[in-house]
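Student: My structure is below; once you've seen it, I'll send some questions.
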Amino acid sequence: MPPLLHLIALGNLVIGSSAFVVSGIVDLIASGLDVSMAAAGQAMSAYALATAVLAPMMLVATGHWPRRRALLFALALFTAGNALAAVATNLGLLYAGRMLMGLGSMFTPIGAGIVLAAVAPARRGQALSLAFLGVSLSYVVGVPLGAWVGRQHGWQAALWLMTVASTAMTLLAAWRVPADITAPGASFQGMGAVLRQPHVRAALAVTLLYFTAIFTAFSYIAPLIRALVPEGGLGVSWTLTAFGLSGVAGTLLGGVAADRLGPWRTMLVLLAVLVLMQALLPLTAGHPGWMLTVLVTWGCAGFGLMAPQQARLAQMAPQHAPLLLSLNASMLYVGTALGAAIGGVAVMQVGLVHLTWIAVPFGIAAWLLLRFEPTP
């Protein structure tokens, strides 16, 4: 495996922790800014939409830059956005900071492109699973820690913690990433070429649908856990930690399964498990053990989808792999934004306990599209 793989995984840990910490403190943000929980939850949408729309454009604009410069630029933008969100005194500043963070999230596809350029095709699944292990670990370390800090010292303290982490990551990357590192960059011509292929568009739509399914509920995971088990259980922070650990396991297993069974088959199984767990979760209300079992199985399946999908896209157009991974990240965050928006409406209409039932149709649609997607 390439020597920079661990640094890229660490960067993804910081990116993921900062991006998703809002889900663990959304109620604190709402009370602190005196807004509704649905409005506070749209901080996730602001980040997601910026990642989906602005990050690919910036990735293309910096496609001719040396990869080290592009990585450091992305981290600097991300750190600045974290700091702006931490000092926000109103929703406008909070959203602006989150959008700047979304622009800096192009670190992830740049890093994935470096990994793909350095490994053989037969090992791409495992390499990508290790690179994206940082995202899974963010649910074990960053999100629960942020939730704990937020509840002990206020939501802005949690965001300052993320600012410090992203600053440290920028300094570490400046020290450890060599100037001569090479990997293909993105271009507008390449973007047009890949988007003209029906099977590529279908694959990207699968990402959009399954992330919509996941984030319809996950954007409100902390209040959802409290609604399912008001008393007893592990508590929000420990439950989020268990969910994150299941995501780590799922990320690793998904990469191994993708290399051994094939990405397509792996994804069909994991999507089916995801849909089933989201259908079952409301039925566990008042039963901490069952709730935890279903939640961690959901986490394992949901995170397990990431590496197989990345490997599938890299197989479709190897020469445009970094661009495809960026477009996939766009669909991921469009799905995140849609999920947060749909979840915000659903919380007001059906309540928290039944929130995952609103997500189930999107998971079913993703499974059907994957099963019957066009062939090249």
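Cβ atoms here come from the backbone N, Cα and C positions, even for glycine.
Because TrEMBL annotations are produced automatically, they should be read as predictions rather than curated entries.
Take a look at what TrEMBL says about it:
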- 4-376: domain 'Major facilitator superfamily (MFS) profile' (DOMAIN)
- 39-59: transmembrane segment (TRANSMEM)
- 71-93: transmembrane segment (TRANSMEM)
- 99-120: transmembrane segment (TRANSMEM)
- 127-149: transmembrane segment (TRANSMEM)
- 155-179: transmembrane segment (TRANSMEM)
- 200-222: transmembrane segment (TRANSMEM)
- 234-257: transmembrane segment (TRANSMEM)
- 264-283: transmembrane segment (TRANSMEM)
- 289-308: transmembrane segment (TRANSMEM)
- 320-346: transmembrane segment (TRANSMEM)
- 352-370: transmembrane segment (TRANSMEM)
Student: Per the 3+ Cβ pairs under 8 Å rule, pairs at least 6 apart in sequence, do the transmembrane segment (71-93) and the transmembrane segment (234-257) touch?
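Tutor: They do not touch: fewer than three Cβ pairs between the two stretches lie under 8 Å.
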Student: Would the transmembrane segment (200-222) and the transmembrane segment (99-120) count as touching if the test is at least 3 Cβ pairs under 8 Å, pairs 6 or more apart?
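Tutor: Answer no, regions not in contact.
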Student: Who are the long-range neighbours of the transmembrane segment (320-346) in its own chain, taking Cβ under 8 Å and residues 6 or more past its ends?
Tutor: 37-39, 41-42, 44-45, 47-49, 51-53, 55-56, 59-60, 102, 105-106, 108-110, 112-113, 116, 183-187, 190-191, 193-195, 200, 203-205, 207-220, 309-310, 313-314, 355, 358-359, 362
Student: Is the transmembrane segment (39-59) packed against any residues at least 6 beyond its ends, judged by a Cβ distance under 8 Å, and which are they?
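Tutor: Apart from its flanks, the transmembrane segment (39-59) reaches 19-20, 22-23, 26-27, 29-30, 33, 85, 91, 94-96, 98-106, 109-110, 186, 191, 215, 219-220, 322-323, 326-327, 329-337, 340-341, 343-344.
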Student: Can you tell me which of 99-120, 155-179, 234-257, 289-308 gets the most C-beta pairs within less than 8 Å of the transmembrane segment (127-149)?
Tutor: 234-257
Student: Top stretch among 99-120, 155-179, 234-257, 264-283, 289-308 for CB pairs under 8 A with the transmembrane segment (352-370)?
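Tutor: Top-ranked stretch among 99-120, 155-179, 234-257, 264-283, 289-308: 264-283.
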Student: Using a Cβ cut-off under 8 Å, which residues of the same chain at least 6 positions beyond either end of the transmembrane segment (289-308) come close to it?
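Tutor: Contacts of the transmembrane segment (289-308) (Cβ under 8 Å, skipping residues fewer than 6 from its ends): 125-126, 128-129, 132, 135-136, 139, 210, 214, 225, 228-229, 233-234, 239, 242-251, 253-255, 257-258, 263-264, 266-267, 270-271, 273-274, 277-278, 280-281, 283.
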